[in-house]
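*Asks:* Sharing the record's features from Swiss-Prot:
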| type | residues | note |
| --- | --- | --- |
| BINDING | 76-89, 282-294 | NAD(+) binding site |
| BINDING | Arg96, Arg106, Arg134, Asp224 | substrate binding site |
| SITE | Tyr141 | site 'Important for catalysis' |
| SITE | Lys192 | site 'Important for catalysis' |
| BINDING | Asp224, Asp248, Asp252 | Mg(2+) binding site |
Amino acid sequence: MSKQILILPGDGIGPEIMTEAVKVLELANEKYQLGFELTHDVIGGAAIDKHGVPLADETLERARAADAVLLGAVGGPKWDTIERDIRPERGLLKIRSQLGLFGNLRPAILYPQLADASSLKPEIVAGLDIMIVRELTGGIYFGAPRGTRVLDNGERQAYDTLPYSESEIRRIAKVGFDMAMVRGKKLCSVDKANVLASSQLWREIVEQVARDYPEVELSHMYVDNAAMQLVRAPKQFDVIVTDNLFGDILSDQASMLTGSIGMLPSASLDTANKGMYEPCHGSAPDIAGKGIANPLATILSVSMMLRYSFNLTDAADAIEKAVSLVLDQGIRTGDIWSEGKVKVGTQEMGDAVVAALRNL
């Protein structure tokens, strides 16, 4: 029986980078006889233009029925002035929450070929390999009440709520510990327990879960210190587990240690490892349509999909090796280009990865 993959290119550079990722996926499908069947739909701004909402009900049902979802990126200035509740990003939040995709895996890996692209000294970032495990469906992005009210003095006041339940914390903590077990058996839980009640509960529950993982060395760090340590000495980290807001910020920060957010994939998983896979970067409307976007994060998201949702390790490894071989050849999109390397566009980079994968 074929496995169903739903392709959601999205907005901005999304369709361009997705075209290249799909080429790689289709070759892997053929080369390794994976039995994937691909279907396409719209999300975000493209869905607003077509359906009037950022995520149509029929698209959500397709996503539920699929074995995995591959997403490009959503959003753009065209939709920035519409009502907040129907902006493109709301489609992304809705699909995550409706599919129960509570666990976000965001690796920050520095490819040795790109050491000179990092803003930090090579000796600080060489060999960097961090996995950030971010809680994705709770916290301040989903908390209620939220809104804007008018105070007695006529001034407007905006407010949000940052709630976390024990079960929400426990399940993401388990993902963090499980990830640590297959990596370096080291886990850093990041919170703000000196100020926030939600973080105090977070730390308490993480300590409880730690009792089931005696082999894992657990540490705690306040988020402000973690942000500083990621720049000062990033290689002290192996796996980081944190909440939705902190994970959003820290994973973007960690991405720049690697030279370009255009290199970094992500996975969002439910309790059964069914997932949605997408690049860490946004829709980059400023370069959309120019054919210069880096498709490697989306291509590497395909690799994560094969690894985490389907346990197809050989095919996942082959895609990652193909990307590494292309970098060995000095082929670069503009965001990771340096003197003496070959600058190419989106399609050429995708073609290079396809050629490398075909020859493996």
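Any Cβ shown, glycine's included, is placed from N, Cα and C.
Set these features in their place in the structure for me.
*Replies:* The local packing around Arg84 (NAD(+) binding site), expressed as other Cβ atoms within 10 Å of its Cβ over all shown chains, amounts to 7.
Under the DSSP three-state reduction, Arg96 (substrate binding site) is assigned to helix. Applying an 8 A CB threshold to same-chain residues 6+ apart, the list for Arg96 (substrate binding site) reads Leu136, Thr137, Ser268, Met276.
A C-beta separation below 8 Å, combined with a sequence spacing of at least six in one chain, links Tyr141 (site 'Important for catalysis') to Leu93, Asn244, Leu245.
Within 10 Å of the C-beta atom of Lys192 (site 'Important for catalysis') sit 20 other C-beta atoms, taking all shown protein chains into account.
Residues near Asp224 (substrate binding site) in space but far in sequence (CB under 8 A, at least 6 apart, same chain), listed by position: Lys192.
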*Asks:* What's the CA to CA span in angstrom from Ile292 (NAD(+) binding site) over to Arg134 (substrate binding site)?
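*Replies:* A Cα-Cα distance of 30 Å.
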*Asks:* On a count of neighbouring CB atoms within 10 A, which of the binding-site residues Asp80, Asp248 is highest?
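*Replies:* Max Cβ neighbours within 10 Å, all protein chains included: Asp248.
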*Asks:* What is the set of residues, excluding Asp224, Asp248, Asp252, whose C-beta falls within 8 angstroms of the centroid of the C-beta atoms at the Mg(2+) site?
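*Replies:* Neighbours found: Val223, Ala227, Leu245, Phe246, Gly247, Ile249, Leu250, Ser251, Gln253.
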*Asks:* Quick check for the class: what is the C-alpha distance, in angstrom and rounded, between Pro88 (NAD(+) binding site) and Arg106 (substrate binding site)?
*Replies:* 22
